[in-house]
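Asks: Quick paste from TrEMBL:
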- 1-167: domain 'FeoB-type G' (DOMAIN)
- 224-244: transmembrane segment (TRANSMEM)
- 287-311: transmembrane segment (TRANSMEM)
- 366-390: transmembrane segment (TRANSMEM)
- 396-416: transmembrane segment (TRANSMEM)
- 452-472: transmembrane segment (TRANSMEM)
- 492-512: transmembrane segment (TRANSMEM)
- 524-542: transmembrane segment (TRANSMEM)
- 562-584: transmembrane segment (TRANSMEM)
- 596-618: transmembrane segment (TRANSMEM)
- 630-650: transmembrane segment (TRANSMEM)
Amino acid sequence: MRIAFAGNPNSGKTTMYNALTGKSEHVGNWAGVTIGKKESPIKKEFSSGALEELIAVDLPGAYSMSPFTPEESITSGFVRNENPDAIINIVDATNLSRSLFFTTQLLELGIPVIVALNKSDINEKQGTKINTKLLAEKLNCPVIETVSTSSKGLSEVMKQAVSLSGKGQKAPYLQADIDMTDKKAVDAEDRKRFAFVNGIVGEVESRKILTKDTTKQDQVDRILTNKVAGIIIFAAVMWAVFWISQSKVGPLIADWLVGWIETFQGWVSGLLENTSPFLQALLADGIVGGVGAVVGFLPLVMVMYFLIALLEDCGYMARVSVVMDPIFKRVGLSGKSIIPFIITTGCGIPGIMASRTIRDERERRATAMLATFMPCGAKIPVIALFAAVFFGGASWVSTLVYFVGIALIFLGALLIKQITGHKYRKSFFIMELPEYKIPSLKRAAFSMLGRAKAYIIKAATIILVCNAVVQIMQSFNWQLQLVEEGMENTSILATIATPFAVLLIPLGFGVWQMAAAAITGFIAKENVVGTLAVVYGLSAFIDTEELALTGGAGEVAMTFGLTSAAALACLMFNLYTPPCFAAIGAMNSELGSKKWLWGGIGLQLATGYTVAFLVYQVGTIITTGSVGVGFFPGLIAVLAMAAIVVMIVIRSNRKLEAEFGALHKKGGAAA
Ligand SMILES: Nc1nc2c(ncn2[C@@H]2O[C@H](COP(=O)(O)OP(=O)(O)OP(=O)(O)O)[C@@H](O)[C@H]2O)c(=O)[nH]1
Ligand SMILES: [Mg+2]
């Protein structure tokens with residue numbers, strides 16, 4: 001027996017789904033969190049004696065059966081075509097008139113509907129009363145007050161769902177038989193439906209606080225969404241997130257963790273004392289050392305995940321969208337893009353997927369393509385490592401790379417706008433402002449632990465294998481003999497990476513070790529740290545005795561042999577060139593076009609290269625007074641890439657002019 005969970009965005013569907021199934025799917029306090037269908041069996045205690053297994057199907061939020069965005073069409077498609085046995089319609093009880101529009105459409109499908117008047121706790125606090133008995137009569141279906149966050153009313157909802165499932169449903173309002181392609185007729189029909197819904201709401205609801213009254217929440221919103229103050233507050237909030245996770249609390253815990261890892265590594269080395277040097281190197285340095293170096297940074301990432309989960313839960317994200325909207329509009333994006341960008345600071349894959357909730361196709365693709373310029377959680381170890389080794393652990397480094405990421409998003413968006421002719425297209429922006437609430441520490445902790453688990457699994461699988469492969473490739477030469485000391489350049493790894501390293505000379509880090517790290521970084525960005533640990537034979541980058549990241553920073557910096565300008569260039573190259581393969585896969589499915597995908601990858605490659613070139617060369621001029629090595633070849637490469645971009649812009653503009661320009665002229669002449 002399948003029971004669908006449908007309703008407006010942010011009404012609490014996923015919270016209810018999690019409560020009934022024991023899952024921990026992503027919940028957040030803004031519209032558009034769930035972007036795909038999720039299924040899971042309902043716990044026995046809620047199955048209210050049903051003989052068959054009950055399957056809950058969580059769906060993305062939708063305002064109506066006529067979808068505007070890809071994720072809305074998943075919902076309407078499912079309830080229309082997949083015949084669930086019953087629909088639980090989760091209605092945000094604080095926003096009845098908006099929600100019932102969709103309810104009346106669901107009631108027309110002939111599938112039994114149970115209305116869960118969710119968030120009824122908020123109504124209680126605000127003194128809003130809803131006559132559920134009367135509402136049930138008007139709608140012709142059971143109406144039950146629920147609070148998903150505390151499971152109130154859920155047993156009753158399930159009882160009704162089980163007893164009604166498979167039976168029919170009589171609709172209280174039937175849409176007239178109209179031509180759905182006739183926009184005027186559809187609009188008129190929608191207006192009639194609204195009138196019907198408002199009539200019901202007028203009868204069943206009594207409010208203490210009227211919608212037009214200003215509440216405390218409105219006053220807070222006035223400040224948080226203010227054009228100037230809003231941006232300053234947002235910058236301060238994000239800075240605090242990075243500062244706490246990467247400079248304060250994160251490193252403190254990391255230090256303790258690394259102590260354990262080092263002890264473990266010592267123990268493994270002890271066990272292997274009498275075995276072959278290759279085996280020792282592979283197990284103790286390659287696997288334990290490499291994976292340990294990556295896991296050592298886990299606390300930084302975890303603290304960050306925790307803080308972002310708190311931000312998601314309190315209702316602030318939607319406000320940030322509003323603040324950023326006018327700025328993003330200028331570059332052809334919309335305020336909604338900010339949510340994918342913030343999610344990407346955790347991981348690029350859900351970040352890219354979150355772009356699905358943006359209506360305009362061009363904006364959606366631009367967002368998916370640019371999201372990974374925001375450094376993700378896997379890049380934190382890389383940032384922290386370079387900051388510690390070359391810049392004394394300075395927190396300006398991480399702040400800088402996030403701001404450069406934002407700047408690149410703006411520049412990239414401007415470029416896409418140029419290429420796709422944004423001036424010919426219009427878009428609009430609707431963002432609902434959800435209620436503020438005190439974020440749940442428990443939920444944030446769960447979300448953090450879930451992500452930490454994924455990070456550890458990744459370290460123990462992909463990263464472990466990569467490190468082992470790197471270790472083997474650097475231990476042997478092509479004759480499959482062990483490489484002797486001083487002959488490291490002849491290893492398989494070195495000979496493969498050297499041609500790539502040549503390309504990196506104008507960026508200041510044209511050595512095979514850095515090239516190898518960048519290449520393994522495409523498999524997973526943590527690999528940059530793992531590979532550097534393996535190829536340079538270093539292990540823990542966090543020094544336990546000095547309670548600091550790489551207490552032996554000077555020594556490590558010497559081993560790497562980079563100037564500070566080259567180090568910063570190397571860091572930025574690893575951050576802004578294309579993300580890991582998994583994120584590229586997500587880009588592929590969201591962009592839905594090979595042209596856009598390759599355009600995106602090309603843009604990322606060109607951007608990463610150019611930024612690294614500029615940072616190294618300008619940095620070298622500032623510090624030494626003359627340009628760095630490989631300046632001219634690098635300049636030629638960068639100019640060639642720029643020329644290609646200019647050519648694409650000119651060509652596409654000509655095409656657009658032919659397509660739209662004529663149209664505009666015609667329109668102008670007629671007027
Ligand atoms: N006060 C209160 N808050 C709730 C209740 N149910 C859910 N919430 C909160 O509402 C917000 C949205 O919850 P979700 O479960 O993500 O909503 P959703 O309907 O799945 O949203 P989308 O996936 O975006 O369509 C979260 O912050 C929840 O904690 C409730 O009964 N009472
Ligand atoms: Mg949801």
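Glycine is no exception: its Cβ is also placed from the backbone N, Cα and C atoms.
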Asks: By a Cβ-Cβ criterion of under 8 Å, what residues six or more beyond either terminus of the transmembrane segment (224-244) are in contact with it?
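Replies: Beyond its ends, the transmembrane segment (224-244) has Cβ neighbours at 250, 303-304, 307-308, 311, 316, 319-320, 322-324, 326-327, 395, 398-399, 402.
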Asks: If I count Cβ-Cβ pairs under 8 A between the transmembrane segment (287-311) and each of 366-390, 396-416, 452-472, 562-584, which range comes out on top?
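Replies: Comparing 366-390, 396-416, 452-472, 562-584: 452-472 has the most Cβ pairs near the transmembrane segment (287-311).
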Asks: Do the transmembrane segment (562-584) and the transmembrane segment (630-650) come together with 3 or more C-beta pairs under 8 Å, pairs six or more apart in sequence?
Replies: no
Asks: Report, as numbers and ranges, every residue of the chain located at least six residues beyond the transmembrane segment (396-416) whose Cβ falls under 8 Å of a Cβ in that stretch; write 'none' if there are none.
Replies: 238-239, 242-243, 246-247, 328, 331-333, 341, 345, 362, 366, 369-371, 373-375, 380, 383-384, 386-387, 422, 568, 571-572, 575-576, 603, 607, 611, 645, 649
Asks: Same-chain Cβ contacts of the transmembrane segment (366-390) under 8 Å, 6 or more residues past its ends?
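Replies: Long-range Cβ neighbours of the transmembrane segment (366-390): 245-246, 251, 293-294, 296-297, 300-301, 304-305, 332-333, 336-337, 340-342, 344-348, 351-352, 355, 358, 397-398, 401-402, 405-406, 408-409, 412-413, 416-417, 451, 455, 521, 524-526, 528-529, 532, 541-542, 548-550, 553, 556-557, 560, 562, 564, 567-568, 570-571, 574-576, 578-580, 583, 586-587, 590-591, 596, 599-600, 603-604, 607.
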